[in-house]
Amino acid sequence: MTLRAGVLAVQGDVSEHGDAIRRAAAAHDQTAEVVEIRESGVVPDCDVLLLPGGESTTISRLIHREGIADEIQSHVDAGKPVLATCAGLIVSASDAQDDRVDTLNVIDVSVERNAFGRQKDSFEAPLAVEGLDDPFPAVFIRAPVIDYVGTDVEVLATWDDHPVAVREGPVVGTSFHPELTEDPRIHDLAFFDSVES
Ligand SMILES: NC(=O)CC[C@H](N)C(=O)O
């Protein structure tokens, strides 16, 4: 099976997500065809979506301007998988506590932007994640803190008493950047568990 994976490419770390989904697919003897999303009309043909890290105020502005935001919401309504990382999670949240981010409201969490690692902008931590046997090397870069999760949201990992990986229906969100390591297990958990079942 070839999976058509759309990476939101209006801004952010796009190519890394493409590589990560290809690695995860290969681990399942599948291939991923990666398409970059910069305009409307692409999302409806995608099996899965990746919403990368970057700058959430910019990403939010561009996806609304280009008519991509509604298409992402329809993708989620249809039960199709999404992995949203860092700024992608902020854009996906129900609340970003920032008027400049018009969120998609596809995962019921409230996030505080740039709240992790104020003293030290980025850090890596070995993270215990629900469903993974060994810790995941989680890279945090000016990461959002999740300070509220809705009742339908499953917390997959916490760091420093805060949820940092969450799932609601087809959407998995992380405060950290799984695409910046060689380890495919978060992409695997977001896509191949759900796509294959
Ligand atoms: N690494 C990231 O994606 C950082 C997110 C960024 N600080 C934002 O709020 O948009």
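Glycine residues also receive a Cβ, built from the backbone N, Cα and C atoms like all the rest.
All annotation found in TrEMBL is predicted automatically rather than curated by experts.
The local packing around CYS86 (active site, nucleophile), expressed as other Cβ atoms within 10 Å of its Cβ over all shown chains, amounts to 31. Sequence annotations record features per position, and here TrEMBL assigns active site, nucleophile to CYS86.
The active site, charge relay system feature in TrEMBL is assigned to HIS177 (among others). Classification of HIS177 (active site, charge relay system) by DSSP places it in coil, neither helical nor stranded. Less than 8 angstroms from the CB of HIS177 (active site, charge relay system) sit ASP13, GLU16, GLY53, THR85, CYS86, ALA138, VAL139, PHE140, ILE141, each of them six or more residues away in the same chain.
Counting only same-chain residues at least 6 apart in sequence, those with a Cβ under 8 Å from the Cβ of GLU179 (active site, charge relay system) are ASP13, GLU16, HIS17, ASP19, ALA20, LEU50, PRO52, GLY53, THR85, HIS187. Under the heading active site, charge relay system, TrEMBL lists GLU179 (among others).
Marked as L-glutamine binding site by TrEMBL: GLY54, GLU55, SER56, ARG113, ILE141, ARG142. Using a 10 Å radius centred on the Cβ of GLU55 (L-glutamine binding site) and all shown protein chains, the other Cβ atoms total 15.
Take the mean position of the Cβ atoms of GLY54, GLU55, SER56, ARG113, ILE141, ARG142, the recorded L-glutamine site; other residues of that chain with a Cβ within 8 Å of it are GLY53, CYS86, ALA87, ILE90, ASN114, PRO144. Within the set of recorded positions SER56, CYS86, ARG142, GLU179, SER56, CYS86, ARG142 have a CB atom less than 6 Å from some atom of ligand 1. Spanning the listed L-glutamine site, residues GLY54, GLU55, SER56, ARG113, ILE141, ARG142 have a farthest Cα to Cα distance of 13 Å. Cβ neighbour count for GLY54 (L-glutamine binding site): 21 (other Cβ atoms within 10 Å of its Cβ, all protein chains included).
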